[in-house]
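Chemist: The transmembrane segment annotation in TrEMBL covers 45-63, 75-99, 111-134, 155-178, 209-227, 260-283, 289-312. TrEMBL lists 342-361 with the feature region 'Disordered'. The feature compositional bias 'Low complexity' is assigned by TrEMBL to 351-361.
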């Protein structure tokens, strides 16, 4: 984005982004290089609209006083807000451009800005996902560390890191640029035939590699630790004589923690897959259908949390139900119990284009 600002808001004044060196008008680019795809465009628009409609009530529930006091809901709220903005780029904006059959030079300034935002939002979401999983791991295994790093306003301070991280990618790295020819966003504006490597975004590659390595390491450590903890709990239970009711009661916190961690894992897993796929696509040629799969994975990375929250998170699901008066008041009791269980131990709780060597996630 800094290039666009330095160029006075005219993308054609940026080196290697001057569309006039190929065709004289934006309409000529759309006609000769673009491919209208109205069916895919309307599908993207529909998907984006549905995700936004599902996400907004989830965010409202997260913002409720009894929820937002927990560190996990603060993290989830920021992730949800970023996902909502990213869907505006990778689904709504993409849908409109697909219907038109646009390419970068059809709307250079608008696509330059949208691509910068999409990239920054993806990278910020990656880091927030890792923070969310780390929060869950610490809450389960090292509750004292959760209090040290995520209590009170400290969570807000921690979340300033991914915000700054996303702003770095928005303003200081090459943007993603759309082309209807391949139905996705790339770093290459496809103005010149032999300059693909000059548009590489190496910080983006580093981000995706970081996500892959860090996620694998964190999940591996958690699985080993939770398995050990569970074995100790089973052995301890077997040594003592307890009633069935008492055994059920003592196992409830562990079940609650595992349910919440599963939600965090599913959210992060989608980003993990997208990051891994796009690291490969960044350096190796891929078929067009892989490009489409890559773009869909980017959309799912920002959209699937809405479904996970509504179908797997009891607190959010019951909160949304109460907002629309879909359930009786007895749901309120169940929801409150779930949140309390999380609070007792601490603070409960991208994509892009294909490749041709310059795709995104």
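Backbone N, Cα and C atoms are what each Cβ position is placed from, and that goes for glycine too.
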Chemist: The transmembrane segment (75-99) and the transmembrane segment (155-178): do they have three or more Cβ pairs under 8 Å, with pairs 6 or more apart in sequence?
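Modeler: When sequence-distant Cβ pairs are counted, the transmembrane segment (75-99) touches the transmembrane segment (155-178), since at least 3 lie under 8 Å.
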Chemist: Any chance the transmembrane segment (209-227) and the transmembrane segment (111-134) have 3 or more Cβ pairs under 8 A, given the pairs are 6 or more apart in sequence?
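Modeler: These two segments touch.
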Chemist: What else in the chain is close to the transmembrane segment (111-134), if you only count residues 6 or more beyond its ends and a Cβ gap under 8 Å?
Modeler: 1, 4, 11, 17, 72, 75-76, 78-79, 82-83, 85-86, 89-90, 93, 97, 102, 104, 158-159, 161-163, 165-171, 173, 175-178, 185, 201, 204, 207-208, 210-211, 214-215, 218-219, 222, 261, 264-265, 267-268, 271, 275, 298, 301-302, 349-352, 360-361
Chemist: Taking residues 6+ outside the transmembrane segment (75-99), which of them lie with a CB under 8 Å of any CB in it?
Modeler: 36-38, 40-49, 51-52, 55-56, 58-59, 62-63, 68, 106-107, 111, 114-115, 117-118, 121-122, 124-125, 128-129, 131-132, 135, 155, 159, 162-163, 166, 178, 180, 183-185, 267, 295, 298-299, 302-303, 305-306, 309, 349-352
